[in-house]
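Asker: Pasting a structure here, questions to come.
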Amino acid sequence: SRPLAPTSMSSQSQETPAVNSPFAETYRPNQKIYDMIQEFRESLEITPVSSTDQIEPHKICVCVRKRPLNKQEIIRKEIDVVTIPGNGALLVHEPKQKVDLTKYLDNQIFHFDYSFDETATNGLVYNFTAKPLVQSIFEGCMATCFAYGQTGSGKTHTMGGDFTGKQQNSAKGIYALAAQDVFTHLNHRKYAKLDVSAYVSFFEIYNGKVFDLLNNKAKLRVLEDDRQQVQVVGLEEVCVTTTEEVIRMIQTGSACRTSGQTSANANSSRSHAVLQIVLRRNDRATTLHGKFSLVDLAGNERGTDVCSNDRSTLVETAEINRSLLALKECIRSLGKNSEHIPFRMSTLTKVLRDSFIGEKSRTCMIAMVSPGMASCEYTMNTLRYADRCILYTSVYDAISQVAELEEKTYAELQVKF
């Protein structure tokens, strides 16, 4: 069984700096913290996620990914305060100081379904998170995978693809990897009898409004019908047959996203980007068979983190945080197996309604964290958000397993009698 709340351990400062530390030549106050973290890490058994590890099925999966220190952090000689021992665990070495000015570490421990360290590739992360959801949409499910975290923590890198300077390789992001697997499934004889085609749409949610990223950012309306079905009216949905087509759409749409400047990122995405891969039957009505929503969420900043104090920017930040809170509440209600899911709390949760309603929903959350000591507070906020999600998803998984066992037992009894 895994603990559902973070626990902590403390390490006290040793006054003698380590000779081999990168701070040995230029002594700095943070050297003690660095040495304490290194000493703590040496006591751990590190077992990173491997491609040979077994992938466990989840109706709701919550995992965490740590990015490496970036160039700016290395230049500033930032200390890496995040350690991932493996087996779903993550440690944050939070530097603190006693009344007598003695420095110590508060080692906060979190547990998730999977924890990926800075060496993990997008491909490895994809295999354990979004890849299992691709098959589910061929089975008629509504799947969602979203990246959550502070600006600059690697959300767009994970979902949209690797960056080399300012150039993004969209072929190596979860968006494109999912599309590639969809076409692999479509070409497999096992799914040929479904007679379905794949369609792609790409839109952003900014300040509670929806804009089509494949149609010159046309403003769209979100409406709910009598059956509580939510429709994005006017959204352009393109029939696709190759991964290359999808990659071009990703590049076109990503270039149109609304961005702004924050303290963590000079070009921060200030909108939620949603790429949807939809399977429709090849009948006259093009009936919906399955849907995969892949979401690159806006950064979870506070109002004080943005570089502008004008009213519109503060409203923008408040709307982002309101929608992220609504998303957490929906996951929380889903985890509690609640009859009422508050998906009307925000535009984001409205358009993702399929992920929260009904038995055929699958959800994966990738919490992205920055490793630097300067980002420690933001990292803790992200982890607490994800930790609250996993608290309730564990209950949900347990209820689901009991229900499946009851159904299996009932079926066996029917056969016997």
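Cβ coordinates come from backbone N, Cα and C, glycine included.
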Asker: When TrEMBL marks a stretch as region 'Disordered', which of 1-24, 241-264, 289-312 is it?
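Answerer: Among 1-24, 241-264, 289-312, the range TrEMBL annotates as region 'Disordered' is 1-24.
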Asker: Taking Gly149, Gly152, Gly154 as the binding-site residues to compare, which has the smallest set of other Cβ atoms within 10 Å?
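Answerer: Each of the binding-site residues Gly149, Gly152, Gly154 was scored; lowest Cβ tally within 10 Å is Gly154.
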Asker: For Ser153 (ATP binding site), what residues in its own chain, 6 or more apart in sequence, show a Cβ-Cβ distance under 8 Å?
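Answerer: In sequence order, Arg67, Gly299, Met368, Val369, Ser370, Ser375, Tyr378, Thr382 meet the Cβ cut-off.
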Asker: Would you mind checking how many other C-beta atoms are within 10 angstroms of the C-beta on Thr151 (ATP binding site)?
Answerer: 26
